[in-house]
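Written out below as structure tokens is the structure these notes cover.
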């Protein structure tokens with residue numbers, strides 16, 4: 001139901017000249033010469049603060065002077081009558097939907113519709129639509145505007161039910177009537193949004209009040225500011241903070257502290273310091289709480305020196321640091337591994353102190369543990385005991401957490417046994433232990449610890465189960481993870497979204513996508529709403545398994561169910577689509593990001609650029625890269641690497657080199673990927689000296705070079721005949737403890753055979769096999785081609801047979817090379833068999849292969865077979881060499897195949913004419 005502003009009652013509020021004064025309805029009762037009759041008085045007139053006469057009479061009664069006994073009886077009857085009428089009206093309103101019959105029943109119930117009745121009814125109602133209908137009807141029936149109390153009662157209904165659909169319209173009416181909601185109502189409206197965690201709506205509500213010139217209550221502002229501080233929205237907090245000052249509210253140190261804390265936690269030091277200066281300019285003195293907040297927040301934001309400054313400043317202002325001050329500063333120093341300073345500060349705190357500060361001990365123990373100094377941590381525990389303070393479960397949990405991070409599991413189990421002398425392990429203790437045991441694949445011990453929990457009266461909660469399932473999935477122990485999930489007692493511990501998400505992702509990553517999808521359906525059966533993270537996992541894993549259609553279906557199902565995607569989902573989906581070869585779909589997804597209201601980030605652009613490079617559209621990367629820069633994106637190493645790789649693959653090596661230098665200027669350290677792309681690009685265009693200089697630079701900077709970079713240089717030097725440099729690079733590679741891969745060996749073999757270093761090539765081939773690097777099809781093709789080039793056809797055929805024994809399938813180049821080699825060696829029968837086998841397997845011989853076979857058959861006096869192959873060559877559109885025609889023509893004459901010889905002769909003449917014409921041209 002929408003609030004109808006077209007009825008006469010509500011519309012009349014906007015025509016103030018025709019309106020009865022707002023409070024005229026308060027004077028509509030029968031009047032005696034003395035004013036009101038007791039019976040007809042409104043209930044408000046019996047409130048001392050509102051009626052001086054009643055106040056005087058009440059005082060007389062209390063003093064035993066007033067003899068009017070009927071007055072109190074009239075008052076009671078009046079209250080009871082209003083209460084009874086309110087009950088009747090509420091019953092009518094709750095009896096069914098609004099309509100004419102209900103209006104008649106309401107009118108019969110009470111024709112007068114007093115202010116007390118209307119406000120009383122509104123205070124009782126719990127349905128906004130019913131309240132609005134009654135509110136409208138009452139004003140239309142009486143033809144009088146409601147008083148502020150009635151409006152406040154209506155607004156309170158909205159606050160109680162958290163239904164603000166018509167709030168703005170009601171606030172507008174109130175504003176036009178010249179008053180505003182009470183402070184209590186203002187606070188309740190805002191508090192309603194805060195309780196529902198709709199903080200942006202709470203902020204907007206205050207802005208709506210201001211739009212209608214309504215002054216929100218002081219507590220309304222502080223309630224929203226406090227709630228926003230919990231979700232880190234400093235900019236909205238600051239807006240409200242300044243609005244309070246504009247309205248004349250006096251802000252205090254506590255409010256300054258709250259806003260400063262929000263900015264400091266986000267690392268926005270300048271804004272926080274600016275607020276501090278503003279506070280001091282307003283003559284506020286910082287207290288210990290503010291200093292503690294600054295030390296803690298600036299320290300956690302990494303501004304340790306700034307935290308130190310505040311620590312010394314508070315002492316300079318005569319404020320004594322308290323336990324919180326010391327402990328916060330110690331925690332900050334421990335976090336950045338400035339342990340010596342932390343210890344000095346801890347000793348200052350402990351000096352002449354009879355009762356140790358347990359919080360400081362816990363922080364210091366955590367500091368020692370994080371630094372791996374466990375002996376010092378144990379000593380501190382013992383020192384705490386000697387001072388009469390029993391170490392708490394927090395201290396032990398901190399210690400166990402650090403031991404888990406250092407994978408000192410046995411030691412952690414020992415500490416766990418010892419801690420029982422001082423403190424009873426809590427649920428967090430057991431979760432920490434189970435976490436580290438699952439990480440180190442000690443599932444049996446983890447299950448024992450879980451059972452121990454039950455023995456001491458603690459039961460695994462969903463966090464415990466989630467830890468076990470997540471860690472087991474990451475350790476690829478999926479069967480164990482599934483068994484824990486299936487063993488869950490749903491009455492005691494019900495799986496949540498995180499449980500399902502961990503297991504769905506774990507199953508999907510191991511290729512069990514159907515099991516993952518079944519779990520997703522089970523999640524829906526549990527009335528749990530899958531998040532974008534779940535859909536991201538399903539999409540990625542379906543694509544990884546080659547089931548891209550199912551991946552697309554998952555995305556469509558997500559949209560159909562109304563789940564909002566996030567930018568991570570879009571980036572993942574786009575990456576999968578490009579890797580699946582769907583370039584246009586990838587482009588459209590990049591545009592779809594914008595239609596969902598997201599702004600593509602650096603990763604979005606990097607994925608798009610990388611996808612276009614893979615699709616052979618590397619030239620487009622230049623425009624995209626500069627579009628990123630123009631839009632103010634802070635490019636990370638991944639973005640630079642992607643663009644540099646694109647430039648290298650599209651032949652723009654100079655631009656790639658410039659970007660490499662730009663990275664250095666901006667303080668981004670080039671990685672092995674960066675150097676690898678540029679070195680490979682330079683090597684491919686024979687700029688080998690520059691490539692080698694870059695190679696040496698990477699080594700000098702300690703970049704861990706991989707086999708790919710070494711292979712690029714081996715290939716580059718080998719192709720230009722610089723065999724010695726190729727050998728040196730290969731030797732250095734092995735000295736570094738790296739193993740050359742098959743591509744590296746192939747590059748070296750190709751270089752040696754092209755340089756006709758046959759013996760060296762065969763030694764390399766032997767070394768390759770000795771080093772457990774299995775030759776592939778390209779390896780044998782390179783050797784066979786090299787041997788045929790130096791007319792070692794029989795030797796080539798031996799390698800051909802070895803290749804077949806290894807189960808490798810020759811490619812087209814290997815077939816054509818071997819066929820040509822056998823034919824040239826006079827082994828026409830073997831060449832013909834190989835040729836027929838090649839064609840039977842769907843191979844398509846090239847011109848060189850056809851011409852070699854024709855020549856071989858002709859020399860072997862198989863003229864007609866040679867001629868048939870000649871015709872096949874022509875039909876396939878392959879070139880026929882002049883030499884081939886001459887050899888075939890001679891063979892046909894010898895075999896007295898004159899008709900065929902005439903055809904070949906005619907073609908030979910045509911070839912000669914075309915060659916003569918081309919020379920003349």
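Positions of Cβ are set from backbone N, Cα and C atoms, glycine also.
All annotation found in TrEMBL is predicted automatically rather than curated by experts.
What TrEMBL says about this one:
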- 252-286: repeat 'PPR' (REPEAT)
- 287-321: repeat 'PPR' (REPEAT)
- 322-356: repeat 'PPR' (REPEAT)
- 392-422: repeat 'PPR' (REPEAT)
- 426-460: repeat 'PPR' (REPEAT)
- 461-495: repeat 'PPR' (REPEAT)
- 531-565: repeat 'PPR' (REPEAT)
- 636-670: repeat 'PPR' (REPEAT)
- 671-705: repeat 'PPR' (REPEAT)
- 741-775: repeat 'PPR' (REPEAT)
- 776-810: repeat 'PPR' (REPEAT)
- 811-845: repeat 'PPR' (REPEAT)
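Counting same-chain residues at least six beyond the ends of the repeat 'PPR' (426-460), those with a Cβ under 8 angstroms from any Cβ of the stretch are 393, 396-397, 400-401, 403-404, 407, 409, 412-413, 416, 419, 467-468, 471-472, 474-475, 477, 480, 492-493. Residues 777-778, 780-781, 784-785, 787-788, 791, 793-794, 796-797, 800, 803, 852-853, 855-857, 859-860, 862, 865, 876, 878 of the same chain, all 6+ positions outside the repeat 'PPR' (811-845), place their C-beta atoms under 8 angstroms from a C-beta of that stretch. Sorting the repeat 'PPR' (426-460) by DSSP state (H, G, I as helix; E, B as strand; all else coil) yields 26 helix, 0 strand, 9 coil. Below 8 angstroms of C-beta separation, residues 358, 361-362, 365-366, 369-370, 372, 374, 377, 381, 384-385, 428-429, 432-433, 435-437, 439-440, 442, 445 of the same chain, each at least six residues beyond the ends of the repeat 'PPR' (392-422), sit close to that stretch.
Sequence-distant neighbours of the repeat 'PPR' (741-775) (same chain, 6+ residues past either end, Cβ-Cβ under 8 Å): 707, 710-711, 714-715, 717-719, 721, 723, 726-727, 730, 733, 782-783, 785-787, 789-790, 792, 806, 808. When averaged over the repeat 'PPR' (426-460), pLDDT in the model lands at 85.
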